[in-house]
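Pulled from Swiss-Prot:
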ACT_SITE  Cys244  active site, glycyl thioester intermediate
ACT_SITE  Cys436  active site, cysteine persulfide intermediate
BINDING   Gly100, Asp121, Ser128, Asn129, Leu130, His131, Arg132, Lys145, Asp178, Asn179  ATP binding site
BINDING   Cys227, Cys230, Cys306, Cys309  Zn(2+) binding site
DOMAIN    366-481  domain 'Rhodanese'
Amino acid sequence: MENLEQTCASLRAQIAATEAQLAGLKRELEIAEQAAADVKAQDTTITITADEGRINGTRTWPLLSEEYKRYGRQMIVPQVGLQGQLKLRSARVLIVGAGGLGCPAALYLAGAGVGTLGLVDGDTVENSNLHRQVLHRSKNVGKFKVDSAIEYLREAHLTPQEAPSIFKDYDIILDCTDNPATRYLISDTAVLLGKPLVSASALRTEGQLMVLNYPPRPVGDKSGGPCYRCVFPKPPPANSVVSCADGGILGPVVGTMGVLQALEAIKVITSPAVNPSASPPSLLIFSAYSTPPFRTIRLRARRANCAVCSADASVTLETLKIGSTDYVFFCGVAGLEATLSPEERISPLELRKRHPKEVPQDGGSISKEPTIIDVREKVQFDICNLEHSVNIPISTILSSASNAANADANAQPSLPSWLPRELASADSTNPIYVVCRHGNDSQIAVRRLKELGLDRGGQRYVGDIQGGLRAWREQIDPDWPEY
C-alpha cells in the first residue's frame, strides 16, 4: 500500500513538472511567434535611399501622389504611418452583408485605402433600407445590394459549401449579417481558415461589437481568440429573434456599429501580432439612450469543448464542403405558434364584401360593428391605423393569456380589464376581426382571445385579417402607409 502511494505521489510530481515545462515552452513559442511577426513586419518595410527609387533620374515613392494627398492625415497618426497605409493597400477584406452595418463599414474601409473589398449579399435594395444603408440610392431600389454598393461585384448567396472558397482569398472578415444561422457559418469558416472576424449587430437603439478569432491561432490552440460559438454555444430560441423590420432600427445606431467595425478592421490590419494576454477579447455594448452609451464586457477564452475551435472539434472544412452541418436546423426556424383554420381567417377584400358599410374606403367612416382589434404595439399603431379600430398590443394579450392558463381550471375565466366595454359585454355577439402588420401576430391573438372566452363558446366570430395591413394596402387602400 505504501509503495502504491509513493508511486502515485511520484507520478503527480512528474505531471506537475511536465505541465510546468509545457507552460514554459508555450511562453517561449509565444515570444518566438511575436518575434517572427515583427521580423515579417520589418521585411515589408519599404526603404528608399537617395540612389534607389529613381527612374531615369526621377525619384519614385511607395505611394502615388494622389494617395499621399488622400491618406496624408491618416498616415500622420502614429498607429498607422506609411507602413500601416501600405498594409491597408495590400489588404483584402470580405464584408458579408451590404446592409446597415456593411454599408458604413465598406464606405470607411474603402476611404481608408483598403486595396480589395469583397461584398456578399443576396438581398435587393428596398425603400425601407435607404435611411440607414448609406451606399444605396433611390434609383437602385430593386437592384441587388451588391450591385448597388459596388458595381463590379456580382450577387452571391453564402452557403456552407461555398463559404470557404469565398473567404480564403481575404485577410479579415466582417460579419454584417442579421440572422443567427449565417453568423455561426461565418464564424466557423473564419476559424477554420484562420481569419480574424469582426462581428457586429444592431437593433432599435442598441448595438454590439466583437473581434473574434483574434489572434487567429490553429484549431485546438487555447491561446487563440474565442469564436462566435465560444461566446454563444447555443443559438437563441428561433421565436425570440427580432429583425430590424419587426423591431425597428435607428440609422445612426447601425451606422455607428458599422463604422466601429471598419475601425477594428483597420486596427487588425495595421497592428503587429497581438499578445492574447495583453489584449483580452471583449464585447462592446452601445446603447444610444444610456449614460454612458458605451460599456465593455470581458469575454472568456476559447471553450475547451467548442464545436469548431477546440481540439475535439466536430465542425471541419470537410463537414462544410459536404454540407453535413445544417445551420438552419441548428438555429431552428421560427414557426407560427397558432396557425388558424381557413374559417377563422378572412382577406381584406372579403371583409369589405361582407361588411361594405362598416369597412372604411378612401377616407370613409366605420361604425363600431364589427370590431377590428389592431394588435401592433402602440408605437406602430400611432404611425397609422384603421379608423375606429381598437389597439390592444399582442404583448398585453399574451400576458393575460398566460395568467389565464395559470388560473384554476374549474373556475370560469374572467375577462381582462383592458377589454373595451362593448367587447366585454355578455350580450355582445358582434364579430371581432384581428389585424397586425403582416398577419402573423393576429393569428396568435385570435387563439388567445378565444382562450379568454371572447368567442362566447362559438356564438361570436373571432378571426384574423389574412395578410395584415400589408394585404390591406394591396387589396383595399393603395395609399396606406407602408413602413
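Backbone N, Cα and C define each Cβ position, glycine as well.
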Fewest Cβ neighbours within 10 Å, where candidates are the recorded positions Leu130, Cys244, Cys306: Leu130
Nearest of the binding-site residues (Cys230, Cys306, Cys309) to Ser128 (ATP binding site), judged by Cα-Cα distance: Cys230
Cβ neighbour count within 10 Å of Cys309 (Zn(2+) binding site): 29
The domain 'Rhodanese' (366-481) - residue tally per DSSP class, helix then strand then coil: 42 helix, 14 strand, 60 coil
Using Cα positions only, nearest of the recorded positions to Cys306 (Zn(2+) binding site) (Gly100, Arg132, Asp178, Cys244, Cys436): Asp178
Count of other CB atoms lying within 10 Å of the CB belonging to Gly100 (ATP binding site): 27
Using Cα positions only, nearest of the recorded positions to Asp178 (ATP binding site) (Cys227, Cys230, Cys244, Cys309, Cys436): Cys244
Euclidean distance between Cα atoms of Arg132 (ATP binding site) and Cys309 (Zn(2+) binding site), Å: 35
Cβ neighbour count within 10 Å of the residue listed as 'active site, cysteine persulfide intermediate': 25
Inter-residue C-alpha distance, Cys230 (Zn(2+) binding site) and Leu130 (ATP binding site) (nearest angstrom): 34
Residues flanking the Zn(2+) site, with Cβ no more than 8 Å from the Cβ centroid of Cys227, Cys230, Cys306, Cys309 and excluding those residues themselves: Ser187, Val191, Asn213, Pro226, Tyr228, Arg229, Arg302, Arg303, Ala307, Val308, Ser310
Rounded Cα-Cα span from Leu130 (ATP binding site) to Cys227 (Zn(2+) binding site), Å: 32
Cys436 (active site, cysteine persulfide intermediate) and Leu130 (ATP binding site), distance between Cα atoms, whole Å: 24
Binding-site residues (Cys227, Cys230), the one with most neighbouring Cβ atoms at 10 Å: Cys227
For Asp178 (ATP binding site), the number of other Cβ atoms found within 10 Å of its own Cβ: 21
